[in-house]
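Participant: A single structure is presented below for examination.
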Amino acid sequence: MRSCSQSCIQDSKMTEEQVTSYLLQNQRFLEDFVMNHCELENLERWVIRYTQRLSKKSAQGGGRAPPRKTSLSRWKFCVHADKRKMLQELTSSLYLKPSKVHVLSELAATIASAVNADSWNLFLFDKNTQELHNFKCDDGKCQCGDGIMETNPVSKTSLAALVARMREPVRICYGEDEARFAHVVDMTEPNAAFILAHPIVQPDGELTGVLELYRKADSPRFYDEDEEIVNSYLVWGGIALHYAEMYSTMARQRKLHSFLLAVVRSIFQDMVSMDSVIVKIMTFAQKLVSADRASLFLVDNRTKELYARIFDVSGDPDNGGTHEVAKEIRFPIGTGIAGHVALTGESLNIPNAYDDERFNRAVDQQTGYTTKSLLCMPIFIRGSVIGVVQMVNKTTGTFNRNDEEAFTTFATYCGLALHHAKLYDKIRRSEQKYKVALEVLSYHATCTDEEVMRIQTAPPLPHPGEEMRHFSYSTYSISSDEKVVATIFMFKDLFHSDMLDESSLIRFTLTVRKNYRRVPYHNWAHGFCVANSAYAILKHSPGTFKPLEELALFVSCLCHDLDHRGKTNQFLINSASPLASIYTTSTLEHHHFNQTVQILQQSGHNILKNLSSEDYKQALSLIKHCILATDLALYFPNKSKLKRLVDEGTYDPENVEHRRLLQAITMTSCDLCASTKPWEQQRETVKVIFEEFYEQGDIEKTEGRQPIPMMDRTKAHELPASQVGFLKNICLPCYELLAVVVPGTDDMKKGCLENLELWEELAATEECKREKGDGT
């Protein structure tokens, strides 16, 4: 080419220097000549060569070559009008399907068209396997990126593999470069005379694939300019790939989040049993990674084994899929793939199971099933492996990094689901045990038919109404069965016969007696005594309480200490009793009320069944209020409120809250009625009360705690002084307040005062003995 130009110049008797000088001085002439006589392809080639020359000079001069950036002016020169149109079409098509494969296939087709290639091949790089796979399109054309990825990777001696390793483009001219590329096998397509193989590298240096462009023998070879055009397109393509990756990641995350939400909704809203949860976990896991089969093994920490009863879920059991249920299988942790994962806590992604020596082929041989790929991952709770999920045979290809990442997130929810399922099973079993225990206790804590018959045939008490309405009535004078008969009499005497069913009343009273424990003081005799005191108050103050309130008061007094253990609330709290964990305040009182309700709910025991629905609810509410009021911790605030109303003259018997305060004080008055009884009864009662106190104190000493003086057996000499303080500070203020609001109870106040004087005498005597003892 140069020799021809030199001969032309010599014929015209002009030197190259003269032509150069002329063109430099007449650039307008040069511009007109180029515009009128030069083809656009030559202009593109010249601009590209000029840019390459500048880059080489910069590199040779010791400077660093500037990165290739395609400016708008560069595109105007380097891209033909029809090539710009191709880019516009490509950009528009990306909105329809912005996947990475789609971007690459469309970009490859656009580049092939831009450089006038006769055909092309796209090889995609798999980051998981570090291998290239050929992306095949029908008839060499892809519509919206649709194509088939070949399962087998390309040969490591292929041209594409060479370019992937070099990360540099390679141009081959058939017939000239065989010697230079003799080590490359199958480097050409059929009928391809010229090849341009170019790596597709993203801005971060990550290899995405390799593009091979082909021209036939009747086409020109590939030049540097073609390579530069490919580079120019790939600059834009890198941006498109970046956003396609972002879109793909976001779409994958959105799909995963929707999937996990469906998992949580399905598992936690319908948790029937551990087996059902396991089936759902396996089914969802199978869908998540597109596996053919799934198995889940749980860890038995006691035996150090993995076990499973349900395995090989195939498809969706709700839509025709199956899962195998068999006898429980067990094997040691560390055995097989699943055992290794359970032992190490690390996931395994095995593309070819038969190549792994840990894989047990015996199952395949027995079933005829061929295991190819495996994804086995641990499930953790609180840092410990509680199970292993094993996915078998991905439906397309092998399990990849995306499958691992998605399943790692899914495994967290699996762990929570399994943990909750275990808790659910434990709770369900506990509920069944509770029902069995309740049935057994109900049988033994319920009156028998023989007891009912004995009470029905028992003779009536002589003149019960005259004696029992007195506050001084002695409950020690009658037997246990007679107390039952007396209770039934008081019920009938206080309330209309149409309000109570006699059969239910007998059973209720007998079962209440049976549910009082045999403790020194808080027993059936105490419950009867308190109920009798309520009977006396109601008989001496007609109209003070409404009929439903009277019923609630009497029932509450009879049941107010049901199942009392002979210990105080504070003792139960200090000893971490289960009752104290259930009821944090008024522990025993809440338990007494619940026992009352439990007896009412037993067949043939509901003495309130004749009440209307509204009255029934109100009666239970009043009973609860009254029983809880027997907690002395609530007595003091109740007394203060009622006393303030009385002192201010604002007490209103029609006010519901005011009446509730009166009910609470009445309950305390009945509960402490022993302090109002004649001296012999009072002294006998105090003995059994303190015997119960001393038993608690003895237990506290064995547990290393120092009991309060009132419960310390070694300080029994302080009993009179203790009683003086109890009557003066608690009992007497209660009865004085009650006598003001309910004048008919004045005898209770008088009895308390008489007992207080006698206790003060005993306390003085004990003090004299102590002083004499100190003096000696």
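Each residue, glycine too, has its Cβ placed from N, Cα and C.
TrEMBL does not curate its annotations; it predicts them automatically.
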Participant: Considering the Zn(2+) 1 binding residues His526, His560, Asp561 given in TrEMBL, which of Asp403, Asp425, Asp652, Asp671 is annotated for that site as well?
Facilitator: Asp671
Participant: Sequence gap of 6 or more, C-beta under 8 Å: which same-chain residues meet both conditions with respect to His560 (Zn(2+) 1 binding site)?
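Facilitator: Result: Gly527, Val530, Glu589, His592, Cys626, Ile627, Thr630, Met667, Asp671.
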Participant: Go through Asn523, Gln723, our binding-site residues, and report the one whose Cβ sees the most other Cβ atoms within 10 Å.
Facilitator: Gln723
Participant: Around the Zn(2+) 1 site formed by His526, His560, Asp561, Asp671, list the extra residues of the same chain whose Cβ is within 8 Å of the site's Cβ centroid.
Facilitator: His522, Gly527, Val530, Cys557, His564, Thr630
Participant: What whole-number value in Å do you get for the largest C-alpha pair distance within His522, Asn523, Trp524, Ala525, His526, Asp561, Asp671, Gln723, the residues recorded as binding AMP?
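Facilitator: Farthest Cα pair among residues binding AMP: 23 Å.
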Participant: What same-chain residues, at least 6 away in sequence, bring their CB to under 8 Å of the CB of Asp561 (AMP binding site)?
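Facilitator: Long-range Cβ contacts: Tyr516, His522, His526, Gly527, Val530, Leu588, His592, Thr630.
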Participant: Give me the non-local Cβ neighbours of Ala525 (AMP binding site): same chain, 6+ apart in sequence, Cβ-Cβ under 8 Å, ordered along the sequence.
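Facilitator: Within the chain, Ala525 (AMP binding site) has Cβ neighbours under 8 Å at Thr475, Tyr476, Ser480, Lys483.
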